[in-house]
Amino acid sequence: MATDDGSFPWTQESILSRDLLSALSPQLCYENLNRSCVRSPYSPGSRLILYAVFGFGAVLAVCGNLLVMTSILHFRQLHSPANFLVASLACADLLVGLTVMPFSMVRSVEGCWYFGDSYCKLHSCFDISFCSSSLLHLCFISVDRHIAVSDPLIYPTRFTASVSGKYITFSWLLSIIYGFSLIYTGASEAGLEDLVSALTCVGGCQVAVNQSWVFINFLLFLVPALVMMTVYSKIFLIAKQQAQNMEKMSKQTARASDSYKDRVAKRERKAAKTLGIAVAAFLLSWLPYFVDSIIDAFLGFITPTYVYEILAWIAYYNSAMNPLIYAFFYPWFRKAIKLIVTGKILKENSSTINLFPE
């Protein structure tokens, strides 16, 4: 439509200028709201790739750990105190994949939180609680493996279902109490009120943690990590000594087959090796994140956002690693997966199927 002087209000140059300004101006999480957070400046192609990578991790964490839990709980051969501890660990990792990773995925890719302030706090509680629970489970599993390898014949009387239940209960209760109290009491933000106020925007969900609690978090990671490394160092020394003793005995006596004690010791060493790899994967996944948290807290939050997101997702991906480790090292787990996927566990008496090679 022409103006009074016969000219058009929108020329080609003005349209191009408007489009250029629109392209250069930052996109907001909520365009029509004041103090809206700014969206991440990723291209559509980059967003698609990130969603695929992060989404794959979440699906793998849920499906893989669900297979671990189903295998252990369904097949009677796997009903042991140690395996119940492993199933509980899988439950913690499953919950990370179910309640934490999908929402963190959207926040990481979009730079926005679309799930409300209430779930923002709850999401942070789930994040801290379930990841802490994984750490404590792995710590107790290392203690279990040490007992099993050091004295495999007495082990069944020392690590009973009651002991396993106490370990599981402690791991869950302590983690949940710690995670929820840290977030809902506001203890983590004490002394950071001005910073929190300055950074608060609509569509954001970042929990501020002061130096004291960052240091406490690091210690809560470091102490169990040192315990696990110490215990597994002892385990491998014992395993090496046992292997040397068995080799000497095999040279001295022409045995047609291994003794029962040797077979048990061999099986426990293999289990310790597999779970030791799971522990190493956990430590390697989470150590960079905790080190960065310490650096950030004491040097003024200098870590670029994309670096923080990379470290966080390396840590999250650990929740998907354990099922892959079990599938690689445990033939019984591969057989259990096949039975579950093909639906054979729905048949009568499927729980009594022999999963171990003769």
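Note that Cβ sites are derived from N, Cα and C of the backbone, with glycine treated the same way.
Per Swiss-Prot, the cysteine from Cys37, Cys205 that shares a disulfide bond with Cys120 is Cys205.
Only one of Cys29, Cys37 is recorded by Swiss-Prot as the disulfide partner of Cys201: Cys37.
Of the candidates Asn210, Asn349, Swiss-Prot records N-linked glycosylation site for Asn210; the remaining residues carry no such annotation there, which does not rule it out for them. The record in Swiss-Prot shows differing topological domain names for Gln27 and Glu348, meaning opposite sides of the membrane.
Model confidence over the topological domain 'Extracellular' (188-212) stands at 84, taken as the mean pLDDT rounded to a whole number. Beyond its flanks by at least six residues, the transmembrane segment (167-187) meets 84-85, 88, 92, 121, 124-130, 132-133, 136-137, 140, 144, 207, 213, 220 of its own chain at Cβ-Cβ distances under 8 Å. Across the candidate stretches 213-233, 275-295, 310-333, the maximum count of CB pairs under 8 A to the transmembrane segment (84-104) is reached by 310-333. The Cβ neighbour count for Cys205 (disulfide bond), using a 10 Å radius over every protein chain in view, is 19. Least crowded of the glycosylation sites (Asn34, Asn210), judged by neighbouring Cβ atoms within 10 Å of its own Cβ: Asn34. Panel annotation: around the transmembrane segment (275-295), residues 86, 131, 134-135, 138, 141-142, 145, 209, 214-215, 217-218, 221-222, 225, 228-229, 232, 235-236, 302-303, 307-308, 311-312, 314-315, 317-318, 321-322, 325, 329 of the same chain, lying at least six beyond its termini, place a Cβ under 8 Å from a Cβ of the stretch.
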